[in-house]
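Colleague: According to Swiss-Prot, the feature compositional bias 'Basic and acidic residues' maps to 17-30. The region 'Disordered' annotation in Swiss-Prot covers 1-30. Look at Swiss-Prot and you will find R6 tagged as site 'Important for VP1 folding and capsid assembly'.
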Amino acid sequence: ETMLDRIASGDLESSVDDPRSAEDKRFESHIEQGKPYKELRMEVGKQTLKYAQEEL
């Protein structure tokens with residue numbers, strides 16, 4: 001019996017399978033939805049840093 005046969009039968013877990021459960025994925029998507037303005041905040045931070053450097 002080859003390793004691929006064992007993986008196919010569910011006897012052996014593939015090391016490249018995603019170990020996260022469905023609950024983990026739901027939690028991660030909920031966290032991502034909680035940061036809707038991340039890109040905007042990053043852009044504002046870049047502008048603030050730019051202005052601060054210009055004042056030096």
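The backbone N, Cα and C atoms fix where each Cβ goes, glycine too.
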Colleague: Note down the number of other Cβ atoms within 10 Å of the Cβ of R6 (site 'Important for VP1 folding and capsid assembly'), including every protein chain shown.
Modeller: 13
Colleague: With helix taken as DSSP H, G or I, strand as E or B and everything else coil, how many residues of the compositional bias 'Basic and acidic residues' (17-30) land in each class?
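Modeller: In the compositional bias 'Basic and acidic residues' (17-30), the DSSP-based counts are 9 helix, 0 strand, 5 coil.
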